[in-house]
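Single-structure report; data block below.
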């Protein structure tokens, strides 16, 4: 869905919600949760702030939460505290009787938006002309339903940061090359870890409609869409050097959405779940610098007072679009459902959903 069409269907939060006290909003949210009971399910992504996550019935990554939503057959109303592409995935995986809502329709994802379906459809025939029928597309689940549908239509699969290696390996058994979108860093880091040389990777620039490479075309194994996560691209090698200087014994762990240079400079890299599990299992007194979203890092710090934990970039701000989900929007969304006039329902059309689900199903078949 384009930004323009998204804004056209957005109903703005009534101003009186912003005037409410935190105590009153929390009380009214709890009241509706109690009233609706099992008919309501609130999944909350790891990157949500604490004021929202306290009301989540489950926390996790985007795919995990979408699957939990689908498995919760009693829930008629799923209020997804995350961003737009996550709610889309939940809508596609849930049944027709289950309705998915996003408290603030402006909660998008800059990385997902970097892979526009129109640009992707323009790129594909050019890549086919360059490489022939030798490419399997892979899309990160952090992508729009339209991009997932494109991937499914062309025989590809979705990936998560946890299973990207397995899916890249699978894709190479299908065809000679992969087309990875929208996050170039996850694609590059994953392929490199599997032994693909950096010089055998090229970047597709959707703004210029060109393949950026200095290598002969026949050497290219991985085509990376020129997209990135604005949060994780904010971590730099300089940040790792500062930590090494100020905290020599501190281990650095980062998300693979960070650049190759940062991953190389870190001690470890892995998915959100991997980071959480690693810190959970670390001995008391251990020291960590974490390169991922600030709300999650702050939550990990609170959960582990026995460990020294900092953000790799302590001056960094949380994900701005995730932070659009707040108490006023959550309360407004819940009360609109309770009053029988729900706002901000997420609906993916049947044709897009069918093709997108094929890419998700290929991924799930590999797990």
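Quick reminder: no glycine exception, Cβ is built from N, Cα and C everywhere.
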- Of 81, 109, the one that Swiss-Prot places in the same [4Fe-4S] cluster site as 229, 319 is 109
- Swiss-Prot has 45, 62, 140, 141, 142, 161, 255, 256, 257 down as binding iminosuccinate; which of 236, 240, 272 does it also list for that site? 272
- Task: Could you check what DSSP calls residue 140 (iminosuccinate binding site) once collapsed to helix, strand or coil?
- Result: strand
- Task: Between the Cα atoms of residue 45 (iminosuccinate binding site) and residue 319 ([4Fe-4S] cluster binding site), find the distance and write it as a whole number of Å.
- Result: 12
- How far is it from residue 109 ([4Fe-4S] cluster binding site) to residue 142 (iminosuccinate binding site), counting Cα to Cα, in Å? 8
- Note on the structure: Same-chain neighbours of the [4Fe-4S] cluster site, Cβ within 8 Å of the mean position of the Cβ atoms of 109, 229, 319 and not counting those residues, run in sequence order as 47, 83, 110, 111, 112, 142, 230, 231, 232, 293, 321, 322
- Note on the structure: Cβ proximity for residue 140 (iminosuccinate binding site), under 8 A, sequence spacing 6+, ordered by residue number, returns 158, 159, 160, 161, 164, 180, 181, 182, 183, 186, 187
